[in-house]
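Annotated Mg(2+) binding site per TrEMBL: ASP51, ASP90, GLU121, in sequence order. Annotated 3-methyl-2-oxobutanoate binding site per TrEMBL: ASP51, SER52, ASP90, LYS119, in sequence order. Per TrEMBL, active site, proton acceptor is recorded for GLU188.
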Amino acid sequence: MEENKTRKPVKLGTLRKMHQEGEPIVMLTCYDATFAALEDEAGVDIMLIGDSLGMTVQGHGTTIPVSIDDMAYHTACVACGNKNAFVLADMNFGSYLVNEDEAVRNAVKLMKAGANMVKFEGGLEVCPLVGRLKQIGIPVCAHIGFTPQSVNAIGGYYVQGKTASGEEKLYQEAMALQEAGADMVLFEMVPAEIASKITKELRIPTIGIGAGVGTSGQVLVLQDILGIFPGRKPKFSKNFMEGASSIQQAVANYVQAVKSRQFPTDQHSF
């Protein structure tokens with residue numbers, strides 16, 4: 001694989017500048033060194049070591065069984081193959097819920113494995129943890145809207161924020177997380193109009209998955225863009241292998257589609 005010598009390392013300041021200047025941020029999940037090198041060459045801005053690996057790599061039906069050791073292992077693999085992209089690691093179910101001290105230890109473990117930022121799910125209840133991590137120098141991406149780790153409590157995969165009260169809840173959560181020190185917010189399965197409206201109110205970048213084209217950037221699962229769907233294809237996903245001659249081209253097509261705001265369309269949004 002030919003190295004992209006013109007690409008500069010993506011840092012937190014880079015992402016802030018992209019948000020301010022309106023350049024879409026491209027995020028894609030990644031779980032190993034080989035795909036890290038491929039995604040880096042294709043121009044992916046942020047590689048997300050998602051707890052989605054529980055389904056895509058381990059074969060589970062949800063993200064719940066994934067451990068912090070799993071997350072650290074795959075983060076280290078991605079860090080070894082990556083040169084320039086920003087590395088974001090998920091904090092898995094249970095790794096930040098027991099108490100704050102344990103959450104800090106687990107976040108530190110992911111940073112030592114090679115992450116540049118950690119991501120975890122939750123709204124107002126995680127604001128104190130966001131603030132503490134910020135104090136010790138660990139950047140945070142907050143994940144609101146549909147939160148997969150809460151699928152058992154939610155009762156299924158449902159769009160969040162469709163009602164007036166739901167919209168207000170999302171707005172209050174996003175603002176509170178920003179004030180607590182979050183550096184980025186990810187919206188999952190949120191009505192496009194609402195995600196766009198909140199993005200315009202925030203100073204920090206937003207990433208959407210099933211949240212329309214009005215966020216600062218987009219994320220998809222690697223296997224989904226390659227047309228590998230273990231179960232039902234999500235509405236917000238698109239198979240970029242269609243019409244592509246290689247995996248490299250499919251990833252590059254995804255990058256180009258996000259950068260040009262050709263993806264997502266209304267077909268992939270709520």
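Along the chain as shown, the residues are counted starting at 1.
Keep in mind that glycine also has a Cβ here, set from the backbone N, Cα and C atoms.
Using a 10 angstroms CA-CA radius around SER52 (3-methyl-2-oxobutanoate binding site), the recorded positions that qualify from ASP90, GLU121, GLU188 are ASP90. Listed in chain order, the residues near the Mg(2+) site other than ASP51, ASP90, GLU121 are GLY50, THR63, VAL66, MET91, ASN92, PHE93, LYS119, PHE120, HIS143, PRO148, GLN149, each with its Cβ within 8 Å of the site Cβ centroid. Each residue contributes its Cα atom, and for ASP90 (Mg(2+) binding site) and GLU188 (active site, proton acceptor) those atoms are 14 Å apart. Of all Cβ atoms in the shown protein chains, 21 besides its own fall within 10 Å of the Cβ of SER52 (3-methyl-2-oxobutanoate binding site). For the residue listed as 'active site, proton acceptor', the nearest neighbour among the binding-site residues ASP51, LYS119, GLU121, judged by Cα separation, is GLU121. Set side by side, the recorded positions ASP51, GLU121, GLU188 differ in how many other CB atoms lie within 10 angstroms of their CB, and the most is found at ASP51. LYS119 (3-methyl-2-oxobutanoate binding site) sits 10 Å from ASP51 (Mg(2+) binding site), taking the CA atoms of both as reference points.
Around the Cβ of LYS119 (3-methyl-2-oxobutanoate binding site), a 10 Å sphere holds 24 further Cβ atoms from the protein chains shown.
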